[in-house]
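What follows is one structure encoded as C-alpha cells, with my remarks underneath.
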Amino acid sequence: MGSALTATRRVVLFTEDDPLVLACGRRLAPVEVAYETHGPLAQDRSNAVLVCHALTGDAHAVAPDGWWREHVGPGLAIDTERFHVITPNLLGGCAGTTGPSSTDPRTGRPYGLDFPPLTVGDLVAVHLRLLDHLGIDRLHAAVGGSLGGMQVLELLLEHPRRLARALLVATTARLTAQNVALSAVARAAILADPAFGAGRPTRDPDVGMGVARRLGHVTYLSEQGLEARFGEHRRAAAPDPDARAWLATRHPVERYLDRQAAAFVARFDPWSYLYLSRLMDDLDPFGARPRVVSPQVQCTVLSFSSDWRFGPDHARRLAAALRAGGGRVRRELVLDSDHGHDAFLFDVPGYARELADALDA
C-alpha cells in the first residue's frame, strides 16, 4: 500500500507542444492542475475514488477542514483509510488550476474574457489526464454533487471504461429554464458592476460578485431552513422617520447574506463564476441524440427533499434517462432534509450510509 499525500499539489498536464483541445475548437496551454490525494493506493491501483467538486469548490475536500469534511476522511463514508481519494480543482476554477484569472502566456496578464469557453467535457478531459498522470486506468468510483455530479455524468457517458461506479448527488442532466434564469441574473450582477469595464477591470467587480453570491446562496438553501434559522418576529414599532436609517436596518437573514457575500468575494474569482455557471447552463447530454449507457457502471442517484435547484424531479429524470439508455441504476433515493441544495455537503440522516453502500456495491 502506498502512502497518503496530504497537501495540495500542482502539475502541468498540457503544454504548448501538447495543448488541451477544447470543445469550442480552441487550444489551451499550459494547463496546470491543483489536486490532492488522500489514503493508501492499493498495489493493483483498484481503490481510487475521484471526487469532483461543485461550482465554488476546490481540491481540499477532506476532513477535518475540507469542503466535504462530513463525508470524506478517515472512517467516514468516503473512507480515506480504505480508498485512495483524488480531489482535483476543476479547469476554469480559481484554486490552483488554470482558469480565466490565470496568466495568459501571450500577454503576461490575466486571461479574463480572453479565456476560451468551456464545457463539462473539457473539465473531464483534464480529470482524465490527471488520472493518466497518476497511473490510474480505472476508478473504483467517481463521486460528485451539483456541478460535481455533472462531471461524473460526463465521465459515465463518454468514458465508461474508466470507472466502475458513478455516484450522482444533487445533480441534473439538464438545467431547467428557471435554473438558467437564476444563473443569468447572477452573471448580470457581475457584468453590470462598474469595475467590470470592457472585460478587463481595473479592480475586481466585488459589488456585483456580492450580489451574485447573495442570490446564489439563497437558492442553495430552503424556505424551511431559512425560516427555522432566521424567522424572527417583526417588530410592530413604527419605522425610523429617516428613510436612510430605515433602509439600513438589517434583518438577521440580511446580515447573514452580507457575511456570506463578504467571505465569498474574498476567496472566489468572478471570472470563474462567469465561466463555470455558464457551462452548466449549456449541459444537455441526453437532448441531442439517443444515448447508450454502459450497464457495466453501477449508478447511484441521490437527491434531497428540499432542494429546489436540482431536486427530486431532476433526479427522477436523470435516473430515467440512464435506464432508457441501458444503464444500471442500482439505487435512486430522495433523502429528507431542510438544507436545500446544500444538503449534499452536510450530515443528513441516512446520507453517509447511502454513500458508503454505493462504494461497497
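Note that Cβ sites are derived from N, Cα and C of the backbone, with glycine treated the same way.
Those TrEMBL annotations? Automatic predictions, nothing curated.
Residues annotated as domain 'AB hydrolase-1' in TrEMBL: 47-347.
Look at TrEMBL and you will find SER146 tagged as active site, nucleophile. The DSSP secondary structure for SER146 (active site, nucleophile) is coil.
What TrEMBL lists as substrate binding site is ARG213, ASP342. Sequence-distant neighbours of ASP342 (substrate binding site) (same chain, six or more apart, CB under 8 Å from its CB) are TYR220, LEU221, listed in sequence order.
The feature active site is assigned by TrEMBL to ASP307 (among others). All chains included, 28 other C-beta atoms sit within 10 angstroms of the C-beta of ASP307 (active site). Under DSSP, ASP307 (active site) is assigned to coil, being neither helix nor strand in the three-state scheme.
Other Cβ atoms within 10 Å of the Cβ of ARG309 (site 'Important for acyl-CoA specificity'), summed over all protein chains shown, number 22. Among the features that TrEMBL reports, site 'Important for acyl-CoA specificity' is placed at ARG309.
HIS341 (active site) falls within a helix when secondary structure is assigned with DSSP. Of all Cβ atoms in the protein chains displayed, 26 besides its own lie within 10 Å of the Cβ of HIS341 (active site). TrEMBL lists HIS341 (among others) with the feature active site.
Among the recorded positions SER146, ARG213, HIS341, the ones whose Cα is located within 10 Å of the Cα of ASP307 (active site) are HIS341. Here the Cα atom of HIS341 (active site) is found 15 Å from that of ARG213 (substrate binding site).
Remark: ARG213 (substrate binding site) has GLN260, ALA261, PHE264, VAL265, PHE268 as non-local neighbours, by Cβ distance under 8 Å and separation of at least 6 in sequence. Taking the Cβ of SER146 (active site, nucleophile) as centre and 10 Å as the limit, one finds 26 other Cβ atoms among all the protein chains shown. Confidence over the domain 'AB hydrolase-1' (47-347), given as mean pLDDT on the 0 to 100 scale, stands at 94.
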